[in-house]
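Taken straight from TrEMBL:
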type    : residues                          : note
DOMAIN  : 66-291                            : domain 'ATP-grasp'
BINDING : 103, 110, 111, 112, 163, 166, 171 : ATP binding site
BINDING : 263, 277                          : Mg(2+) binding site
BINDING : 328, 385, 386, 387                : substrate binding site
């Protein structure tokens, strides 16, 4: 929805900022620090590689993100979470307005345009009566909401947020991530809020403005005012924008966040700024410092196999292909996936067992891979550095005894004790397809999957 005067709600869920930034590829001079200060930034210097996530993240719901914003003094609409149609009806009455928005709460963006599987019910809908709120909640709760981020299977809606309407004069955009180029967090704002921000980045990147800031000192007054002016704000709205931007930047650092996004950030008819939507993720590796945030985790929203993998010390992300990949090292795992695609295959997952995986971890990895009914073949690609090839060879055979391989298995080993590892597999009697080199391995596993 384009920004418009007196609009009362915004139907689109937040988009992945990492996907957006992948489209903001511009070359800039190398950035260096001097005396602890950030260098003079070019007009636009975001590069896609600077924003690739390398650590696991913890997601929370929109209503939880808004609770954190409210605690930090960032204005958000009044809202009530409902888990039944009756609760949604009561929430509308309690809010006391003539208009409200019922918003499905799932860990995915694109909710406004998304629909419940098997119906035309969108994930976000404007309502004008308590009966309408109950009707929409009934259509959403228990249904699978399919959006651009969920895949065809969708995500089950278990709760909705009933939120009061807002007098909107303008819709803006705000997002924060960590930029490797600046080696610091970067705040990004745009006048094109409430819209497909990816499209804005692709077609009119000059409408996106950025400012890097140091975690210990936060966003400077001058940078905040500069961004407010570029957003076309005037009068008291400038001060409101400066305060809000500095508060969001401070919260980003305090919570060890990996992403904060407000889309839209609205200017009300009175000139105040308010976060109409909120998306927040956290660096999971820092959660030992935030026991209170861990309580916000909703494991029902997370992939069961990814949870299992995490408990086993594995890094796993399920994809939509039919070739399972078991690799040590994130870089090698991504290269393996690229080669599989290059030779006509589709990876079913990203799975990094790490440099020191043991028999139990490899066995659990195979359980996860083979539990995916879409997997038609598996590629094991190991470079023995810290992990010796004999260790992985014995672990593969141990996994075979416990799990069994019901699909073709291609194994490529290189590195420490590679000849001994290959010999162990060759003499095992297990039907394993050996491969020499990455290209050979990719071609063989694609052929095996196609023949299955």
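Heads up, the Cβ atoms here are built off N, Cα and C, so glycines get one too.
Keep in mind that what you see is a predicted model, and the values were worked out from it rather than measured.
A map of TrEMBL features onto the structure.
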| residue | record | DSSP (3 states) |
| --- | --- | --- |
| 103 | ATP binding site | strand |
| 110 | ATP binding site | coil |
| 166 | ATP binding site | coil |
| 171 | ATP binding site | strand |
| 263 | Mg(2+) binding site | strand |
| 385 | substrate binding site | coil |
Checklist outcome for this item: Check: min Cα-Cα distance from residue 385 (substrate binding site) over binding-site residues 110, 171, 277 goes to 110
Checklist entry - Among 328, 385, 386, 387, recorded substrate binders, what is the largest CA to CA distance in Å? => result 10
Checklist entry - Can you list the residues of the same chain, besides 328, 385, 386, 387, whose Cβ falls within 8 Å of the substrate site's Cβ centroid? => result 329, 354, 355, 356, 382, 383, 384, 388, 415, 416
Checklist entry - C-alpha of residue 110 (ATP binding site) to C-alpha of residue 387 (substrate binding site): distance in Å? => result 42
Checklist entry - Which has the fewest other Cβ atoms within 10 Å: 110, 112, 385, the binding-site residues listed? => result 385
Checklist entry - Looking at the binding-site residues 166, 386, 387, which one has the fewest other Cβ atoms within 10 Å of its own Cβ? => result 386
Checklist outcome for this item: Spacing of the two Cα atoms, residue 171 (ATP binding site) and residue 277 (Mg(2+) binding site), in whole angstrom, works out to 11
Checklist outcome for this item: Lowest 10 Å Cβ neighbour count of the binding-site residues 163, 171, 277 is held by 171
